[in-house]
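*Asks:* I have a structure here, written as structure tokens, and I will follow up with some questions on it.
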């Protein structure tokens, strides 16, 4: 099985979804998603058998651009995350009806395609193309199927698009510059470059702009909350579950190995920025009135920690970051789905208008609670594994980073429990809250199962990603 | 360098050149400055004629006559025709705002200044003496050969140009029959 | 035959034609009457033609004069088209004041 | 050479068809004829030669660009059929003018003598004056024609002045001779002045700042099809000609000259993009967008010795997306008396296909992968960085970001606003042109080498 | 040792939890109670077996590698040694009793199945905490019990005050947990392992140990213990935690979970021994907590609040012992405290149950007759906690004070004062509750009754244990010390030979306790004083009654500022940042609008620009020499 097969499945799936018509589109999309997941599993299997999973073909001769894909452990982990979340996300939307749903689902599948491509591409320009391509479907999803006032939505979404595009264009310049030095965009060439530290600094900065906006790190996060709020929940899930990870993945895959000197020299600054994001995001989340916005800020806090972990340039930091990326991907999708479940019943996202749901639906409450617990990184959840590793790596750099970064477990608990209390607890709500449907329950159960399984037994993922991360570390340390 | 003509020692040609130049520039200026379109046109005719004089001075007889025919004979007549057709010969033109006019003058001066400065600064060409090959290079015969041999393609292409202009002029003025 | 440039100098022709050209430019900027603007452009073209003739003598080469023919043809064609446009403007707007052409802006 | 002759012949044929009352056949026959000529051009591509005392020099460059012009003209003529529905009596004139314009364009890229260059540019310009003013009952069209004519002939004067100085310096109009001498002897200052003046004239034609002022007004006032012509064919012709002029006559540009190009390039991008932000009229918006693209195209001059391929790619990408966009605009604004963005409201629902085409073409212009526009910019940036002008690239990138603002304004209108009226039927030709051109654009994006390698 | 056996020990409560969660509602209340209790009882039985069969050497069971970091792997493993068995014994033992008690106590609650589920889950996590073989495994249990505590405090979730209390407990615990984590990080970095056994050998054999980092690690871990065991400054959650059902207070907030901090410190005794400065801090914090909590307890009127502060105070004493390096004494007190405090809580639960939820002692009184068993058991427990010879509390408390006397007389004074106060407030409780006449409503009076046997049985057992519990560590001949001795790196502190000083100290302690009881007798029985209503409390009493306003202070110092900050961030910073980004757009738009004025349609202007452009270019290109 070829690495491109998966991409082809998704691409063909996009068209298949679109042409299957409004009625069948959701099911076809789900099928495509599951097929993609299955093929990702096949790839994993091959990888575990020790096969090199790569594909390289010259695409454009001058400047040299290759159609190059390579799936190492890290890429596979992210690929699995993407392809696993895509069907979940699609499935989670079955409770809603969307006008022109064929386009809607086609865009979702296409986005999955683009994101998978981003994770797989091993040619800088190809990677950049996928990176940009992923932006377009989410733009339309948020714009057309979003909620709230059309004008405000437009403002938020356009800002998001322009902002992220702005960042990534500087990355393009960096890539082009690197290409003039290395002769090709292939990552294997780029990571062998011995650039001067000034060059590295600027290249690092250009990359940083792209990633800081995408991830997002403070103070580049201003697009996030509004877009999360305005986008349809499916879009929010795609954004927060997978797309944020593109930025973090890219930091590990591209930014650090290409410009390690700068990364080392300014390590404290970037870790500090990540941790500032943790504290800032948590504090802002405390007083949010809108459930989705609260989750957005919580996401900001979590990715801040992940980024800080990645910038430590230690194996632990990288590994923790990847683990936490995957964990956060699942948990955030689950939480947004919870918000959606509530919205389907109460048609509101204002926390003040909720409350007293627990008495009506114990099942839902338990699942929500479990997700909240995972989100606050209770030991035995996947998130704890990631958070522990990241914090440990931070403590290796400087104990104060661990202390300040660690405030996430306090503040995180604070805002999540506060939210849970106001959403679920209290006197029984007068409005009827129908119990979760089978579909909804199934979605949540899958997510929770994943979170707890890997929380107790993260080893498969660790063994999957560790060799690749060690490779990356050798690349990072090539100047020593 | 602008030679201040040494009137005393000036040759006839130099005097002729100076006079013609003064006429050219003055009428050109008047052609622009005068308020009545009709006067403009008349001044312009004089200007063009004086330019023909320059051509004659350069011994380019053919050019001189063509210039007279095309510009004075054709183009100016066309303009005069238009002026009269539209009955434009009155002074009701609203002047541009003072600032614009001032600006125009400033720009004019500036442009002259810059161009002249550039050419004055350029290295002097040769030593002021111009070679004469002696062979005939600008008689009608030579021109005709040149035009119809080497410059045959542009010559033909000019016909395309004129054709386009013709079609265009017709296109712009023809009333359409509204056929339904 | 003596070269006339020995008596007058190519520079003087250049200056003459530059000034003439600038007068044309000045006219274009200074006047609002479309016809006069056309005339100014003609002056510009004539300035260039004059210089062509002078350079032709300078190089003792007829090509410059040939080019003047083309330039004249172009001038004629332009005037024809320009006047056609002018006429249709006059028909629609009853003015040939360039300053009044302000429907398109911003 | 054959191309040029054939095109001129085709123009005359058009006029004859009208005389013999084959009006209905004009468009198809012209298109077929042009496609045949395309074949002729292909033959010339492989056989560079010069004709008639170097009056016409056919090189790979000229052949490829001629082919591009022909393709664009095919599209334009295909669009003419519907556009001139109400002007059936004049259709032959319109078509003939367009064909002659094409002849002028071909002459402009394959000239071997400045006389051909000058005539070519004049044929092109005069045709455009006429086309711009061609809706003679419409005040805006008149105004557009007048403005274009006034400024255009002024620019022609400048070009002529420049040619005159070049002649003064070299004593010849032959490009090959000029090139030769420009390398050897010490040049009188007339030569660089001449080059500069010609360049300025050409900068006017491609609408670079500060010579761009005509463009928005003329684009807005002209009939939409003419605007299409200007923003695609003419812009491409002008930049290709400028490129050819500079390569032919002044192989290594001086630093100061390059500085000027840089300033103009950045200024064009910036002014074009910023101005486009607040436009309500789509044509006007695209005019400013065209100005900014002119700035991008000027970047090719910074690395003039080997950027022909990039220029070709950029212009192809740009003009194809332009054709596609304008095809949609023609469709949308067909029965409207303006081209406000509001007309596009709800197009995403009324006509998803056309909306998708317009979206794709706008994305291409904005430089989003995988459309050709992205690769065009990418190649351009690559080469500019290689040449060491990082600052221009950074400016270009910032401008790309700004440009998204207005391209997306249109997309937003299509998808985020409710329609004002019912959908109307789309003529087949519009569909065909729009889809073919955007498909070509995408194919070009997927296989950039196809075009890029033509000129190495 | 048998792995399966340990798994049974661990998983029995978990299975109980699963059963109660998924089938509890359908199964009915009795089955829920039985399953819940049985699952814990099984664990208890296993523990007993382990206790009986275990040898001297600790047994380590590693199931699989859990988390790997570069420096070390952390296994998912268990450690069974004396300490864990001891803890298991009273956790599962008292746990079983309290489960039993709850069957009756919670019978009327519609969510009894979730209650039992949570209780089982708690036992599960507690066992994990106790038998974890490394710090991180302990941390699972550590956070897990915190979670259960949260769930159970907020068990009556319809009351937002209770929810607030639950949230507060969780968050305060998490503050401690952060300390714990930091401690783990430092330990891991220093010694490249988190495994207790390896850690012990590493530390005891290491030669070049960085004192500063050891102290830092110890301090951080101590902060963790503070959170869980309610020490200053993180103690305020425990009194609020009384919002939960009374069995929960007995099990979690008195007997087991709150002693986790002591467990952890004892577990890591070798580490703390290396950091004497931190030990001093621990001792001081412990003593202060003991005193402060005792003073607050003096004036509380809510029966459970009194007990809660009493718990805090007793925990303070234990930490005092830990700080003095007397781990086994601390453990001893933990055990006796578990007995009598559980008994007291369950007794108070019985009272509350009898009064249908009344918790204010001002509304009680004279229950002696109506609830004799409750009265007697509580009396025994009160005597025990007051330190009356020969009850369990006497021995353990006395040992602590004696150690303090030897090491630091000031701490002894503080501890003794706290003990006297303990005697006072405990008997204040007894007198107000059981003596004199009933002060509640008529309706309550009519329904006064002794609680059913399921409630009284655990009370009796615990009372007996409170009475005789001291046997396990009598001065001079301490079984406990011997049993635990393999754990401690340093030779356990020299057993006090029972000299005259020791006897005198015992006497002083007993007399102190009797004085405390006497004052209470005088005030509340003889004078029959009833504590004044809230509004009329004044002076020092008011300060004490309001717990020194610590909650309010925390509110002002931490909670309010964070919320204000949050509001500020949300309303100002976010808007500003957003405005900055939009501002870029606005500025560009502004330029566009200005630009529109330039493109004013005038051909003249256009040409002007054209010509000026030409002039500029020509000037730049050809006239540079004029400007340079």
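The backbone N, Cα and C atoms fix where each Cβ goes, and this holds for glycine too.
Nobody curates TrEMBL annotations by hand; they come from automatic prediction.
Checked TrEMBL, it gives:
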- D:113-403: domain 'NADH:quinone oxidoreductase/Mrp antiporter transmembrane' (DOMAIN)
- D:25-43: transmembrane segment (TRANSMEM)
- D:55-79: transmembrane segment (TRANSMEM)
- D:91-111: transmembrane segment (TRANSMEM)
- D:149-169: transmembrane segment (TRANSMEM)
- D:189-213: transmembrane segment (TRANSMEM)
- D:225-245: transmembrane segment (TRANSMEM)
- D:257-277: transmembrane segment (TRANSMEM)
- D:286-305: transmembrane segment (TRANSMEM)
- D:311-332: transmembrane segment (TRANSMEM)
- D:353-375: transmembrane segment (TRANSMEM)
- D:387-408: transmembrane segment (TRANSMEM)
- D:428-451: transmembrane segment (TRANSMEM)
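Just tell me what is around each of these and how deep it sits.
*Replies:* Residues of the same chain lying 6 or more positions beyond the ends of the transmembrane segment (D:91-111) and with a Cβ under 8 Å from any Cβ of it are 1, 3-4, 7-8, 10-12, 14-15, 17-18, 23, 26-27, 30, 34, 55-59, 61-63, 65-66, 69-70, 73, 76-77, 80, 84, 117, 119-124, 127-128, 130-131, 134, 175, 229, 233-234, 237, 240-241, 244.
Sequence-remote contacts of a segment are chain residues at least 6 beyond its ends whose Cβ falls under 8 Å from one of its Cβ atoms, and for the transmembrane segment (D:149-169) they are 114, 117-118, 121-122, 125, 128-129, 132-133, 178, 187-188, 190-191, 193-202, 204-205, 211, 213-214, 249.
Within its own chain, the transmembrane segment (D:189-213) has Cβ neighbours under 8 Å at 121, 125, 151-152, 155-156, 158-159, 161-170, 182, 234-235, 238-239, 241-242, 245-246, 249-250, 254, 257, 264-265, 267-268, 270-272, 287, 290-291, 294-295, 297-298, counting only residues six or more beyond its boundaries.
Counting same-chain residues at least six beyond the ends of the transmembrane segment (D:225-245), those with a Cβ under 8 angstroms from any Cβ of the stretch are 61-62, 65, 68-69, 72-73, 76, 79-80, 83-84, 98, 101-102, 105, 108-109, 111, 117, 120-121, 124, 128, 131-132, 134, 195, 198-199, 202-203, 205-207, 215, 218-219, 283, 286-287, 290, 293-294, 297-298, 300-301, 304, 308, 311, 315, 318-319, 322-323, 326, 330.
Listed as Cβ neighbours of the transmembrane segment (D:257-277) (distance under 8 Å, sequence separation of 6 or more from its ends, same chain) are residues 196, 203, 207-210, 212, 216, 285-286, 288-296, 298-299, 301-302, 389, 391-392, 395-396, 399, 402-403, 405-406.
Sequence-distant neighbours of the transmembrane segment (D:353-375) (same chain, 6+ residues past either end, Cβ-Cβ under 8 Å): 289, 293, 313, 316-318, 320-322, 324-325, 327-329, 331-332, 344, 347, 400, 403-404, 407-408, 410-411, 414-415, 426, 430-431, 434-435, 437-438, 441-442, 444-446, 448.
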*Asks:* Count the Cβ pairs between the transmembrane segment (D:55-79) and the transmembrane segment (D:387-408) that lie under 8 angstroms and are 6 or more residues apart in sequence, then report whether there are at least 3.
*Replies:* no
*Asks:* Cβ pairs under 8 Å with the transmembrane segment (D:428-451): which stretch of D:286-305, D:311-332, D:387-408 has the most?
*Replies:* D:311-332
